[in-house]
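Peer 1: One structure, pasted below without further comment.
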Amino acid sequence: MATAMYLEHYLDSIENLPCELQRNFQLMRELDQRTEDKKAEIDILAAEYISTVKTLSPDQRVERLQKIQNAYSKCKEYSDDKVQLAMQTYEMVDKHIRRLDADLARFEADLKDKMEGSDFESSGGRGLKKGRGQKEKRGSRGRGRRTSEEDTPKKKKHKGGSEFTDTILSVHPSDVLDMPVDPNEPTYCLCHQVSYGEMIGCDNPDCPIEWFHFACVDLTTKPKGKWFCPRCVQEKRKKK
């Protein structure tokens, strides 16, 4: 019964995942198409400029080159948005994997506790073990349930009930995020952490870090124009 409730709970948690993934992949395809359209526009603008450059005035040349540069900037913006979206998608899937790992660990621990309790009762310690164990579990379940109700949104109610189900439902989302991450996952930013939330890329092509979390560089929205990370800005000042 506990296994069925555990499975139902996890399936509920990933119910919207396919739709979210489909949406993100669709957005990435749209960004790809926009980039291709803009590249085709750049080819046309470049061909026109080359064929007419001798007849253009200096101001007209600057104007045509500015259009080409703006188109390239737009291409880079689309590419940055696509990378950002890909990182968010990776984070979304990784969060569910880590949650599954956490739930499996708790499920195995619960089974182990029940098996140990059963062995103890069969060896003659039934009354003392059972009474003390139930008292401790009631206290633990009560605290867990209050934490869940106060700190997390209301979840769909499940039919039936068990100590294991109560334990799973009382797990705070932060417990999942605190699980160890994949050691092979790349790290970014000044904090040397994995990708999460909104991130921004440094426009210095030689930047050793490349990507930064908004909060770590005191950003709340994506700035207009080029952006350089604090480390690259400092290096640039030293060279002056």
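For all residues, glycine too, the Cβ spot is worked out from N, Cα and C.
Not measured: the values here are computed from a predicted model.
Residues or ranges marked as Zn(2+) 1 binding site by Swiss-Prot on the basis of experimental evidence: CYS189, CYS191, HIS213, CYS216. For LYS114, the entry in Swiss-Prot reads N6-acetyllysine, with the evidence type a large-scale study or a structure entry. Annotation source Swiss-Prot lists phosphoserine at SER118, citing a large-scale study or a structure entry. Under the heading omega-N-methylarginine, Swiss-Prot lists ARG126, citing a large-scale study or a structure entry as support. What Swiss-Prot lists as region 'Disordered' is 116-165. The site 'Histone H3K4me3 binding' feature in Swiss-Prot is assigned to TYR188, MET199, ASP203, TRP211; the stated evidence is experimental evidence.
Give me the lay of the land around each of these features.
Peer 2: DSSP assigns HIS213 (Zn(2+) 1 binding site) to a strand. All chains included, 19 other C-beta atoms sit within 10 angstroms of the C-beta of HIS213 (Zn(2+) 1 binding site).
Under DSSP, LYS114 (N6-acetyllysine) is assigned to a helix (H, G or I) in the three-state scheme.
Non-local neighbourhood of TYR188 (site 'Histone H3K4me3 binding'): VAL194, SER195, MET199, ILE209, GLU210, TRP211, PHE212, HIS213, each in the same chain, at least six residues away, with C-beta under 8 Å from its C-beta.
Secondary structure from DSSP puts MET199 (site 'Histone H3K4me3 binding') in a beta strand.
Cβ environment of ASP203 (site 'Histone H3K4me3 binding'): LYS226, TRP227, PHE228 lie under 8 Å away, each six or more residues apart in the same chain.
Neighbour density for TRP211 (site 'Histone H3K4me3 binding'): within 10 A of its CB lie 19 other CB atoms from the protein chains shown.
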Peer 1: Taking the Cβ of each of the recorded positions and counting other Cβ atoms inside 10 Å, which one has the highest number: CYS189, CYS191, MET199, CYS216?
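Peer 2: Within the set of recorded positions, the most crowded position is MET199.
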Peer 1: For LYS114 (N6-acetyllysine), just count the other CB atoms lying within 10 A of its CB, please.
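Peer 2: Taking every protein chain into account, the count is 13.
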